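Here the structure comes first, spelled out in structure tokens, and everything after it is commentary.
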Amino acid sequence: MTFYDHTAIEPKWQAFWADNHTFKTGTDASKPKFYALDMFPYPSGAGLHVGHPEGYTATDILSRFKRAQGHNVLHPMGWDAFGLPAEQYAMDTGNDPAEFTAENIANFKRQINALGFSYDWDREVNTTDPNYYKWTQWIFTKLYEKGLAYEAEVPVNWVEELGTAIANEEVLPDGTSERGGYPVVRKPMRQWMLKITAYAERLLEDLEEVDWPESIKDMQRNWIDKSTGANVTFKVKDTDKDFTVFTTRPDTLFGATYAVLAPEHALVDAITTADQAEAVADYKRQASLKSDLARTDLAKEKTGVWTGSYAINPVNGNEMPVWIADYVLASYGTGAIMAVPAHDERDWEFAKQFNLDIIPVLEGGNVEEAAFTEDGLHINSDFLDGLDKASAIAKMVEWLEAEGVGNEKVTYRLRDWLFSRQRYWGEPIPIIHWEDGTSTAVPESELPLVLPVTKDIRPSGTGESPLANVTDWLEVTREDGVKGRRETNTMPQWAGSSWYYLRYIDPHNTEKLADEELLKQWLPVDIYVGGAEHAVLHLLYARFWHKVLYDLGVVPTKEPFQKLFNQGMILGTSYRDSRGALVATDKVEKRDGSFFHVETGEELEQAPAKMSKSLKNVVNPDDVVEQYGADTLRVYEMFMGPLDASIAWSEEGLEGSRKFLDRVYRLITTKEITEENSGALDKVYNETVKAVTEQVDQMKFNTAIAQLMVFVNAANKEDKLFSDYAKGFVQLIAPFAPHLGEELWQALTASGESISYVPWPSYDESKLVENDVEIVVQIKGKVKAKLVVAKDLSREELQEVALANEKVQAEIAGKDIIKVIAVPNKLVNIVIK
């Protein structure tokens, strides 16, 4: 049996593509464009795992398909290479993070090239390259000039073990850090913030303009979380102080019986009475040790302390005790709430715990038993009595505005973006702080502000980054003799990834971020493929920066990514015991088709789980490529199931894909190829071209491969294969298995040219219809012959053909024909005597 040798074929074609720059981005202005983007990887020390190529293969198939359809294709790759792991490694080993990063990139690139992806490597970007981050810094200076980058003293999520503050989005629900799982504490620090809130409405509205999964749009909507309501001002009794509360339900103001301030609220110390001072100070200290997520957990026990003061309810003059409680966040809304315990579960639990008044203002429910959180007509509400929710809200807002104690207000849960990190391995923030108290941005002519090379990259211990230790870089003097210090915080890893798709368009431009005409030509990105875990952060940040650049006239589109697709997760094979605990694969043995624990002998259940080092079920693509070939890996990952489904890795599935490719190889290299078309494969070939074309366009790669298999099965039943169909089939399979595609193309054409730009095959609509039908001929009710005849023959023609058939003539010889019944396209029934 003939098998193809992937170890010879694949490196040969990879070298051919590299030497000939086969995938250099097309620039023919008369052609349509297609920009296929992968989420670029962080080059970790572990290298690629088999999950990476799933998305990369999908965009590669699309890119190869679009090239063959006559598009200019931009399909680039680069490296999101700043970040904590490299710095952590450098601190652990004493090595330079830049060297570690360069080694990792070289390894990733080797692995990616071994998989046959058609990237234009002339456009490679690396976020740690000063020629790249010059423009990351330039964008920051523009944000600063527009007032969108500002410094603030804010309570941050401080991680002592990492020596840095992290964004809210990087804190896990259990209150630990996403990276490392370390404790997170709240600590006030001077930080750089980006005013993403200024774009909240546009970030919300423009989701309507993009073709993204609805689930991802919903995650962004929920993160931005727009609320319409009212601001209400409460005076503090016996003082000149007041505070503002934002509420979405101003209609329930008559039911507000107490107020709660965040422990960090600026008013707390000023209104706390001497009797309560110690308890309040103690509570504030405890709250500072908790993350926002831990504080707002609905299931946790309610805690709080009374300040000793009262606020006055503006609508009825009632006194409301003012408490502090950690479930109110200083960073959300105004950092103060009015509590309506009759109609809010959290307020109700708090009121019950601390014996506070509960006054119902909506009809329905028993508020002694539980909060009534549904809608009802208003009661105990003076001028709102008898009104429904919408009417009551409108009337209360009107009253608040007339009395000068409130106004209608739209708010968003979205917070400004905490942009500074107290780390070394990141882009320096291009700001200088002068001793006269002013700050200025580093002028564009002095960018990039290069990260200095230093051995001393441990956290400074002061809360500043290690750059505070590099004095010759840190200290500067102006022409007028005024001394200054450079900003020591660096940018987060999100910075470089918020605009990299723009740099691919013009990666070597030294004068500007990218040429306007090229940006006009290529934007927006046509398809962006990556994991759903980036749904909120990266995608929201990139959209924000893109909108700022749109306002600056740098980019021509409002949105960066027209279509987004999230590939599913490739799960590892794993095993569970009777308690449901996962067992590492090296502790499992297979006997008679069942799986057993090596040490205990217990029978185990096979169950897919996320690949992890601890379960020893991580599959390295290098091993797969070596054993089966890159084309097999590509075809297998696309054939596993729908691209957006999470599916378990299977060695059997891999073997099946390899066998299919061997059959393809044998079909083209051993079957007699003829210039004459017998017509036997007309229908299946044209069906295959039509189906594969449509399914690749819709990213239904698994069904496209299934159709290719249908063609191979049909072709194998024939003695010969029509040359045009052989070539067309090889073109169809080439985007999936590009090395094999090139090899078979040369076997058929000996052209010496790559298959990559050969025009995509078209199909003949008329051949999709069956022109012939099989009919049965019955004599005395028994089938005596089956005939293939032209479709839609008339009764008379059908009768003629049937009676002329040799088998039929033998049956009716010497007999009298009483009647012939012909049913077009079905049967002929002959009655004889």
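Even glycines carry a Cβ here, placed using N, Cα and C.
Sequence annotations record features per position, and here Swiss-Prot assigns ATP binding site to Lys613. The local packing around Lys613 (ATP binding site), expressed as other Cβ atoms within 10 Å of its Cβ over all shown chains, amounts to 9.
Residues 79-81, 83, 85, 89, 100-101, 104-105, 107-108, 111-112, 493, 569-570, 611, 618-622, 624, 633, 637, 649 of the same chain, all 6+ positions outside the motif ''HIGH' region' (41-52), place their C-beta atoms under 8 angstroms from a C-beta of that stretch. Among the features that Swiss-Prot reports, motif ''HIGH' region' is placed at 41-52.
Computed over the motif ''KMSKS' region' (610-614), the whole-number mean pLDDT of the model equals 79. Look at Swiss-Prot and you will find 610-614 tagged as motif ''KMSKS' region'.
Proximity of distant same-chain residues to the motif ''KMSKS' region' (610-614), defined by a Cβ-Cβ separation under 8 Å and at least 6 residues beyond the stretch ends, is recorded for 49-51, 569-572, 584, 649.
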